[in-house]
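Per TrEMBL, these features apply:
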type	residues	note
TRANSMEM	16-38	transmembrane segment
TRANSMEM	66-87	transmembrane segment
TRANSMEM	94-115	transmembrane segment
TRANSMEM	121-143	transmembrane segment
Amino acid sequence: MGTKADGETKTILKKLAIYLPSFYLIYYLWSILLVGSLKVDWNELGAYPFRIRKDEFSPAHRDAALGAWLAMVLTYLCSLGLTYGVVKATRKSWDYVVTSSLVHWVLCIIVNQAFPVNWIWWLTILLATLLISVAAEFVNYYLRDMREIELDHV
């Protein structure tokens, strides 16, 4: 009987099948909260996570643009817990964070039919990916790998 390793293709695909929809579920939950609290038109909710233009995505504005930026930042912060719960491997955690960012980048291009040129969007997604990748490795390492191992006293 063999055991399934974290590096096997089937295991990675199963975890990605859980990780990516969960990532967007969290993204849309934050988007719903921010659309409601910032009194943004509810018709904008569908494409809210995919905003890339400067007038639609900026922390400097006090409207929907701030909400779109906050939704991304808060989603990446919550993905730290998602990485801990789903990935469960220190050396693989950064892979899932980077993969979710790449998928998000591709989906943003598809939804907007344009390449993101907003420097705020790029800075936010790159910093969030880098910081959450490093933090996810530390969280998995210290909370999962460094747990005390109970030994039977023989």
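Each Cβ is built from the backbone N, Cα and C atoms, and glycine gets one as well.
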**Surrounding residues of the transmembrane segment (66-87) on its own chain - C-beta under 8 Å, 6+ positions past either end** = 15, 18-19, 22-23, 26-27, 30-31, 34-35, 37-38, 40, 48-49, 51, 56-60, 93, 96-97, 100, 120, 124-125, 128-129, 131-132, 135-136, 139-140, 143-144
**Request:** Report, as numbers and ranges, which residues of the same chain sit near the transmembrane segment (16-38): CB under 8 Å and 6 or more residues beyond its ends.
**Result:** 44-45, 48-49, 63-64, 66-68, 70-72, 74-75, 78-79, 82-83, 86-87, 96, 99-100, 103-104
**Distal contacts, the transmembrane segment (121-143) - CB-CB under 8 A, six or more residues away** = 52, 57, 69, 72-73, 76-77, 79-80, 83-84, 87-91, 93-94, 96-98, 101, 104-105
